[in-house]
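The following features are taken from Swiss-Prot:
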type	residues	note
SIGNAL	1-50	signal peptide
CARBOHYD	N69	N-linked glycosylation site
DISULFID	C82-C135	disulfide bond
BINDING	D95, G206, T214, E216	Ca(2+) 1 binding site
DISULFID	C165-C249	disulfide bond
BINDING	Q177, D228, V229, D231, D301	Ca(2+) 2 binding site
DISULFID	C191-C244	disulfide bond
DISULFID	C196-C207	disulfide bond
Amino acid sequence: MYGIEYTTVLTFLISVILLNYVLKSLTRIMDFIIYRFLLIIVILSPLLDAQNYGINLPITGSMDTPYTNSTREEVFLTSTLCLYYPTEAATEINDNSWKDTLSQLFLTKGWPTGSIYFKDYTDIASFSVDPQLYCDYNLVLMKYDATLQLDMSELADLLLNEWLCNPMDITLYYYQQTDEANKWISMGSSCTIKVCPLNTQTLGIGCLTTDTNTFEEVATAEKLVITDVVDGVNHKLKVTTDTCTIRNCKKLGPRENVAVIQVGGSDVLDITADPTTAPQTERMMRVNWKKWWQVFYTIVDYVNQIVQAMSKRSRSLNSAAFYYRV
C-alpha cells in the first residue's frame, strides 16, 4: 500500500517538473520570436515611408484649411477652384501661358497652383445644355449681353440652385405644377415648348387638345427653358422631343459652391425677385469690363472674399446629375 502511494507521489512530482520545463521552453521560444520581430521592425522602420492618417489634425477648426502631413511635405487637404470663362477671353488675351500666369497670381492669395482649373465655354446657350461644375468652388464668368438677359437669368437660376427632377412622358400624361418651387426645365439643341391649360373636364382653356397649333407657345428654339405655368392646373404639352428633353423639377435650395460673376453691363442681373429664392440673396456679382486681363486680375484680387460667401459642401452639377439627382 505504501509502495502505491510513493509511486503516485513520485509520478505527480515528475509531471510537475516536466510541465515546468515545457512552459519554460515555450517562454524562451516566444521571447526569441518577439525579440527577433522587434529587431526586424527597428531595422526596417527608417526605410519605410509612413503615412499619418490625420493624427495631428486639430479637433476644432475648419476642415477646409490645408494642414501639412507630418511625414510628407505636400499639402494633402486643399480645395479646388474652377474658373469658367467664354472662349473669347482666351482669344483676346492671345497668350499661350496666360493660365500659368494666373495660377501664379492665385498662389499669392493662398491657392496652390494645382488647385486652380480653367474651363472655357463657347457661349451661354451651349454651356447651359451641359454644365459641369465639379470643383469645390466654381466661379462662372458670364459676359453681359443685352440680347441674352433671359438666357443669363435662367442659367444663373439653374446653376445657383439645387433641383430634384424626374422625367416627363408628355405623350401619355397631363402635368401640373404644384407650387412656385415646381418648374419644368428643358434642355437641348432646340427647345420649343407649347402648353394647353385644361379645365376640370380636361377640355382645353383657350385651346384644343387635339390641335397643337392652338397651344400657347412659351419658348421658341431655345437651348435652356425654365417653364412656369399656373399652379394647380393640368396642362397638355407639346415639346420638340427630338432635339429637347423636358423634366419636372422641384427647387430644393441654394447650390452654395457656385458663384456667377457678370462681366460688364449697365444692368445687374437679379434673380432674387423669384419667390422661390430663399434667402433673398444670391452669389451673383458684377465686375467692370474693359479687357479680359483686367477681369481676371479683379477675380484674383477678390477671390477669397468671393469664396467666403460660398460653401464647398454643395453637390457637384452636370446634366446627368441635374436630371436624376436623388
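Including glycine, each Cβ sits where the backbone N, Cα and C put it.
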What Cα-Cα separation, expressed in whole Å, is found between C82 (disulfide bond) and C249 (disulfide bond)? 26
If I restrict to non-local contacts, at least six residues apart, and a C-beta distance under 8 angstroms, what lies near C191 (disulfide bond) in its own chain? A219, A221, E222, K223, L224, V225, V239, T240, T243, C244, I246
Inter-residue C-alpha distance, T214 (Ca(2+) 1 binding site) and Q177 (Ca(2+) 2 binding site) (nearest angstrom): 21
Would you identify the secondary structure of C191 (disulfide bond) according to DSSP, in three states? strand
For D95 (Ca(2+) 1 binding site), the number of neighbouring Cβ atoms whose distance to its own Cβ is within 10 Å equals 11
Tell me, if you would, which residue among Q177, T214 (binding-site residues) has the fewest other CB atoms within 10 Å in the structure shown? T214
Looking at the binding-site residues listed here (D95, G206, E216, D228, D231), whose Cα lies nearest to that of C165 (disulfide bond)? D228
What Cα-Cα separation, expressed in whole Å, is found between C249 (disulfide bond) and Q177 (Ca(2+) 2 binding site)? 9
Cα within 10 Å of C207 (disulfide bond) is the criterion; apply it to the recorded positions C135, Q177, E216, D228, D231 and give the hits in sequence order. E216
D95 (Ca(2+) 1 binding site) to D231 (Ca(2+) 2 binding site) - Cα separation in whole Å: 52
